[in-house]
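Trainee: When I checked TrEMBL for this same protein, it listed these features:
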- B:K205: active site, proton donor (ACT_SITE)
- B:L9, B:G10, B:A11, B:G12, B:T13, B:V14, B:G15, B:S16: NADP(+) binding site (BINDING)
- B:K105: NADPH binding site (BINDING)
- B:E190: L-homoserine binding site (BINDING)
2 protein chains.
Amino acid sequence: MKPIQAGLLGAGTVGSGVLNVLKRNQEEIKRRAGRGIEITMVADLDTARAQALAGPGVQVVKDARAVIANPEIDIVIELIGGYGIAKQLVMEAIDAGKHVVTANKALLAVHGTEIFAAAHRRGVMVAFEAAVAGGIPIIKALREGLTANSIEWIAGIINGTTNFILSEMRDKGLDFDAALKDAQRLGYAEADPTFDIEGVDAAHKATIMSAIAFGIPVQFDRAHVEGITKLAAQDIRYAEQLGYRIKLLGITKRTPKGVELRVHPSLVPAKRLIANVEGAMNAVMVQGDAVGTTLYYGKGAGSEPTASSVIADLVDITRLHTADAAHRVPHLAFQPDQMSDAPVLPMSEVVTSYYLRLRVADQAGVLAKVTGLLAAAGISIDAMLQRPAGEAQEAGDAKAVPQTDLIILTHNVREGTMNEVITQMQGLPTVLAPIVRIRKEELA
Amino acid sequence: MKPIQAGLLGAGTVGSGVLNVLKRNQEEIKRRAGRGIEITMVADLDTARAQALAGPGVQVVKDARAVIANPEIDIVIELIGGYGIAKQLVMEAIDAGKHVVTANKALLAVHGTEIFAAAHRRGVMVAFEAAVAGGIPIIKALREGLTANSIEWIAGIINGTTNFILSEMRDKGLDFDAALKDAQRLGYAEADPTFDIEGVDAAHKATIMSAIAFGIPVQFDRAHVEGITKLAAQDIRYAEQLGYRIKLLGITKRTPKGVELRVHPSLVPAKRLIANVEGAMNAVMVQGDAVGTTLYYGKGAGSEPTASSVIADLVDITRLHTADAAHRVPHLAFQPDQMSDAPVLPMSEVVTSYYLRLRVADQAGVLAKVTGLLAAAGISIDAMLQRPAGEAQEAGDAKAVPQTDLIILTHNVREGTMNEVITQMQGLPTVLAPIVRIRKEELA
């Protein structure tokens, strides 16, 4: 049988990984797929570089539309990124009846509904294992491996840059800015790291996993997105003393009222496996009603790890394109006419627990006032820690009033209620600085 | 479209889990699969119990062959276990043109070649996600998620009973016998725990993973199988002091000479994620040339976790049975005519590193003799520890000769060479007890 032919749009970091791995392992991949898989055409603005990467047998063009127009091409691999031209090209490839493989999480989290609907109408597949958690086959696990389950929640470290920064902050006691500089110097963070450090990249991925887990449309605009830029070294240290680590988690959870979809720094018990995922590694926990807790770990980015997922999608398409379209794996795990309309909840309706740090005047009655406000709102306390403010190692702390840090871990409470109590606490004259609030997930 | 119909052979622990989960989540599973999946017939010797489990609408019979003979049944689920009647029934189901789902690792590790060949000839699928690591979708990850990779090695905690026992030994300083009793009392070990504690169950699973990873036939008879019954509490403690934990690992590795396939207790660096997998949980590390290190974690046994994998197979079959047979996922990941004849290496050809514990006379020159033998064989030392023999907490240690424990970690060496050196060491008059040897895996 003649090889299945793919065309590559974008020969950057991941694209070159796809070319290299497909070349290096072509025999082994063919022995698995039952059919050769060849990239016969590449579109990239830098044609000379792309030709050198792809080798002499491959046609290299500047115009991506020439790839889509080629009737020999069965699969179009989109590795351009972003919402702009990438979206147009993906839609055109679908219109042309091509299967599409993409690593573009931003595109799918924002325009997935339109793209999957078009693919469904045209009877083609849009595969995107590489869009979430790089080389970890988490889309496959969710969409196929755990189909027996009612998924209860997912919590993942799905951005390597921020996990690297948080690991540096913890290991070396660094503040965020210093750790970011380290990450940039070592190539773990880009020159403009906004999408990573503000949680946007993680939210794209969480949005996609949420849709697959619960059969809801992708709704990036409903996700709560909060990055790690405001984290202080002292909170990482206090968390440690309480038996927790701070990770940037992408979380989605099924509740009776709707679906939680949120990205923010979270305290996680240090004994959980996921709390021990260090550096730029990724890990995703999935809780299913039948299987219980499962976890998937690996490299979340990089040329060849991401290429590993792109090529797995090529093999899947090679296998599945002979199945009748109604029985292929649905794009979002559920059949398109069987999606749920469960709403994504506003953050005020999320129920979780909290770490609070209050800089207070070191005088009698302060603790009673603070805990009184919590009690009045029905919020119970899980643990507490009081530390001399000096331990905060902040410059210019020598104030007239003796100060102390009060760290409180709460049990579960609705975020709206927590917000009200924080406002009340902040109004106390003995609370001397903005209250720090970090959410806490037990993941049990 | 009318539901796909499955018949269940064996309504024991896993069978009842399959019935329960399929009932509880039937709507959600149908929304994913695009078609209902129903168990319409159950065979079990205890028909009354089976009928109560399956509910009134399900036909319950004593004779498994009545299920296979039913022309309405598309899929036969074999949950009887063992090599005997289970093998006959699986072969008969294949002959009858039924797809088969099984959790029977022993059967596949020993008779897989015959079974898969028959299924291939008949054009049916034999699915077995539940046979390895319970609810963890590791077969899917290996066969589909990592198809881009040349797999380098796999190392897994794939037997929950032994991992529970080892966790107890470490946490409570227990010896093997006491920890086994705990495990039996708590239901983590069977009354006859031989298959688990002697490593046989883990070797069945490692055999299956090895075949899938490297495209070789299942060869359980070539696996090196060593259990945990000889482990002493003191070795767990010494390992800890050197920064390692002891786990029963199923390991398979590709080498230029052939494939390593072995199950034995292994020292693992304590900082590795897999070293922190506690209790009855399972985890499998897979190293691929493109993706790097990945890890998959979850419950390796139990009613509903195992049912999760059985049902995922049912959904897969519902999807894939419409694909032409040549393009379905091959049973052992590689097309049947593309298997490798790489040999499984004898244990003497395995290259790894070692933990050695020598009880020696506490006198001058002993260490020089021992390390001299290692040096002469070209074995370099990674770390060493000397401890008073009293720390071993053994009864009746008050001997005439002062004794000491010498613990040596080596770098990599061929096992045949290591065996020769151990024999030489054992011959030294200053070595006073049988030398303890445990293999060490860095998993880096």
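Using the three backbone atoms N, Cα and C, a Cβ is placed for every residue, glycine included.
Values in this document were obtained by computation on a predicted structure and should not be read as measured data.
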Trainee: For each of the binding-site residues (B:G10, B:G12, B:G15), count the other CB atoms lying within 10 A of its CB, then report the residue with the highest count.
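Mentor: Most Cβ neighbours within 10 Å: B:G15.
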Trainee: Cβ-Cβ under 8 Å from B:K105 (NADPH binding site), same chain, 6 or more residues apart: which ones?
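Mentor: The list for B:K105 (NADPH binding site) reads B:F128, B:A131, B:V132, B:D201, B:H204, B:K205, B:I208, given in order along the sequence.
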Trainee: Does B:T13 (NADP(+) binding site) have same-chain partners at least 6 apart in sequence with Cβ under 8 Å from its own Cβ, and which are they?
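Mentor: Listed in sequence order, they are B:G302, B:S303, B:T306.
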Trainee: Can you name every residue in this chain, apart from B:L9, B:G10, B:A11, B:G12, B:T13, B:V14, B:G15, B:S16, with its Cβ inside 8 Å of the center of the Cβ atoms of the recorded NADP(+) site?
Mentor: B:L8, B:G17, B:V18, B:D44, B:L79
Trainee: List, in sequence order, the same-chain residues at least six positions removed whose CB sits under 8 Å from that of B:V14 (NADP(+) binding site)?
Mentor: B:L79, B:A103, B:A130, B:S303, B:T306, B:A307, B:V310
Trainee: Looking only at C-alpha atoms, tell me how far B:G10 (NADP(+) binding site) is from B:E190 (L-homoserine binding site), rounded to the nearest Å.
Mentor: 19
Trainee: From the Cα of B:E190 (L-homoserine binding site) across to the Cα of B:A11 (NADP(+) binding site), what is the distance in angstrom?
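Mentor: Checking the Cα atoms of B:A11 (NADP(+) binding site) and B:E190 (L-homoserine binding site) gives a distance of 19 Å.
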Trainee: Just to be sure I understand the packing, how many Cβ atoms besides its own are within 10 Å of the Cβ of B:K205 (active site, proton donor)?
Mentor: 26
Trainee: Through the lens of DSSP with three states only, how would you label B:V14 (NADP(+) binding site)?
Mentor: helix
Trainee: Report the same-chain neighbours of B:S16 (NADP(+) binding site): residues 6+ apart in sequence with Cβ closer than 8 Å to its Cβ, ordered by sequence.
Mentor: B:L53, B:S303
